[in-house]
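**Student:** As listed in TrEMBL for this protein:
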- A:Gly135, A:Asn188, A:His189, A:Val190, A:Glu191, A:Phe192, A:Ser193, A:Arg194, A:Asp257: (6S)-NADPHX binding site (BINDING)
- A:228-232, A:247-256: ATP binding site (BINDING)
- A:35-326: domain 'YjeF C-terminal' (DOMAIN)
2 protein chains.
Amino acid sequence: MAVGAGCAALRGCLRVLKRAFSQHKGHSGKDMESTLQSVRSIVPPLTTGKHKGQDGRIGVVGGCREYTGAPYFAAISALKVGADLSHVFCTQEAAPVIKSYSPELIVHPVLDSPDAVRAVGEWLPRLHALVVGPGLGRDHVLLENAKGILEAAKAGGIPVVIDADGLWLVAQQPALVQGYPKAVLTPNHVEFSRLSEAVLGEPPDGRDRRGAVLRLSQALGNVTVVQKGERDVIADGVQVLECSQEGSSRRCGGQGDLLSGSLGVLAHWALRAGPEKTDGPSPLLVAAFGACALTRQCSRQAFQKHGRSTTTTDMIAEVGPAFSRLFED
Amino acid sequence: MAVGAGCAALRGCLRVLKRAFSQHKGHSGKDMESTLQSVRSIVPPLTTGKHKGQDGRIGVVGGCREYTGAPYFAAISALKVGADLSHVFCTQEAAPVIKSYSPELIVHPVLDSPDAVRAVGEWLPRLHALVVGPGLGRDHVLLENAKGILEAAKAGGIPVVIDADGLWLVAQQPALVQGYPKAVLTPNHVEFSRLSEAVLGEPPDGRDRRGAVLRLSQALGNVTVVQKGERDVIADGVQVLECSQEGSSRRCGGQGDLLSGSLGVLAHWALRAGPEKTDGPSPLLVAAFGACALTRQCSRQAFQKHGRSTTTTDMIAEVGPAFSRLFED
């Protein structure tokens, strides 16, 4: 026992040293491959003895008057990555539309109800991860409800991925995620600038993206931050990874929802597998890297078929083949 | 500097001379090819450093009690041509149906609200082009709202494509577009006659389509007019182009929406590229020619597969390959 505990402590030290070292260097092709290998290690084996729900029950908080596509894209992506059940918590008005996109989703028309936080809260113990923000919009009532749901998810120790107008909320109230170790933020260029200004009081240094993402992550108490861009830059307060998996140059709306929905599942898998499995980067870094690589690969494959006319629906059709190619072959 | 300015002035003069000359001759196969080349020059390169929205954020004003397909066709065509985001501003009742056609669209149920002009006006600064009319209908309240939105778009200098019942509105009040240099009207045979009678006080001369389109365009203060027909005739008050790209003889409803939605994107691209790029015809002439050629090529390809059963949905499936064939290969 004592020897085993010593070994485990030694492995832990080595992981920290490895991560501290990797913070100071760029991310080469070899690093890309080794991080992809870490993602492969968290993917649960498909075995016949499993029950429905064991590979992931994911919730998406969003869907309002204007936006119904975004929560659908996030929720269906979670299913296509391998989750067993995918829930959407949206407004009364958005629910029938989101339901109509796909019979695969479980859609709860509760987000604009006075009882929203309790209603979603009842489901939280059954969820493995929550994606907050796709199609949330900026209505004051919905943002207040999203805040209450986020606080309940934190209290329950549930991993949360925050995107889109969920990030608008966090920029208004950074304390919402401050120091929560199971939060991942996925800002695009504009959202990253807004967050940096809110949290650090100044716009990010455009010449040093790695440094800027690391600083925001550290200022938020080591929350994982994924800055999407030409390359995706990911930091967890200790280590910085870059994902430059080949994607495409198409920038149609909805790609970020594919990323956030996939990340919901991968975050659950990575945290369940634990740092022993990911061997180096933290579980949430590995999950984020996996979601970035997958989204880019989907974009690449869809673009090869559809070129400039590629839309997010075309990319979602590639989730299965892209996942298999990156993480299973 | 002086030499550079002199050269630019000379190039400008040559363009005007070239255009004035081309007004007086027919449009040969060689002209077709050279105009297609001009369209190619305005298509933005797909580069990895871009952000979502940079290649086009398009709005469609239309969608009412009876008509929900038309604004969908226009908005999805814009995306498939290469826009990044596509909005529809329609009535409360039409919204859930239009949303359900595609999760790719952002649909705002505001067009029959007393607050419609302000609600759409808030979005206008974020849009690169507005398509007014697909599925608008002739309800008095909706036409009044469309009028207010059109005026706001003009005040904001946003390119507007006007089709279908948007043209009905313009026939009632030609002053709405009079002299607006970023307006394009896309009438079919009936709509063209109605407009000519309203603006010129007499039906168009059926024996001289080029002259008739040019006269209407000039009477409206050099607004670009696209008369759709067996050949499409396009004029901007100075020059007349004809598009006789091979299409099909199928005349199912919705083809005009594919044209107007595509034209929204191409108008933005052309105006952004400027006359230096289009080298000869004005940017909006080039955009209109491109949208006509694309619609006809989609029709041809869809007809080759589906024959008499071809519908607009079949044509929209051809937007990617047709665009690539005409403008990218």
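Any Cβ shown, glycine's included, is placed from N, Cα and C.
Are these features on the surface or tucked inside, and what touches them?
**Tutor:** DSSP classifies A:Gly135 ((6S)-NADPHX binding site) as coil under the three-state reduction.
In this structure, A:Lys228 (ATP binding site) belongs to neither helix nor strand by DSSP; it is coil.
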**Student:** Starting from the Cβ of A:Cys252 (ATP binding site), draw a 10 Å sphere and report how many other Cβ atoms land inside it.
**Tutor:** 28
**Student:** Taking only same-chain residues 6+ apart in sequence, whose CB is under 8 Å from that of A:Gly254 (ATP binding site), what do you get?
**Tutor:** A:Gly69, A:Ala70, A:Phe73, A:Thr311, A:Thr312, A:Thr313, A:Met315
**Student:** Which residue, out of the binding-site residues A:Gly135, A:Gly256, shows the minimum number of other Cβ atoms inside 10 Å of its Cβ in this structure?
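**Tutor:** Relative to the other binding-site residues in A:Gly135, A:Gly256, A:Gly256 has the fewest Cβ atoms within 10 Å.
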**Student:** Round to the nearest Å and give the CA-to-CA distance linking A:Lys228 (ATP binding site) with A:His189 ((6S)-NADPHX binding site).
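**Tutor:** A:His189 ((6S)-NADPHX binding site) has its Cα 7 Å from the Cα of A:Lys228 (ATP binding site).
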**Student:** Return the residues near A:Ser248 (ATP binding site) by Cβ distance under 8 Å, restricted to its own chain and a separation of at least 6 in sequence.
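**Tutor:** Result: A:Ser299, A:Arg300, A:Ala302, A:Phe303, A:Thr310.
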**Student:** Take the binding-site residues A:Glu191, A:Glu230, A:Arg250, A:Cys252, A:Gly254 and keep those with a Cβ under 8 Å from any chain B Cβ; what remains?
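**Tutor:** Listed binding-site residues meeting the cut-off: A:Glu230, A:Arg250, A:Cys252, A:Gly254.
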**Student:** Out of A:Glu191, A:Glu230, A:Asp232, A:Asp257, which has the highest number of nearby Cβ atoms, where nearby means within 10 Å of its Cβ, if these are the binding-site residues?
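**Tutor:** Highest number of other Cβ atoms within 10 Å: A:Asp257.
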**Student:** Measure from the CA atom of A:Gly256 (ATP binding site) to the CA atom of A:Glu191 ((6S)-NADPHX binding site) and give the result in Å, rounded to a whole number.
**Tutor:** 12
**Student:** Cα of A:His189 ((6S)-NADPHX binding site) to Cα of A:Arg250 (ATP binding site): how many Å, rounded?
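**Tutor:** So the Cα of A:Arg250 (ATP binding site) lies 16 Å away from that of A:His189 ((6S)-NADPHX binding site).
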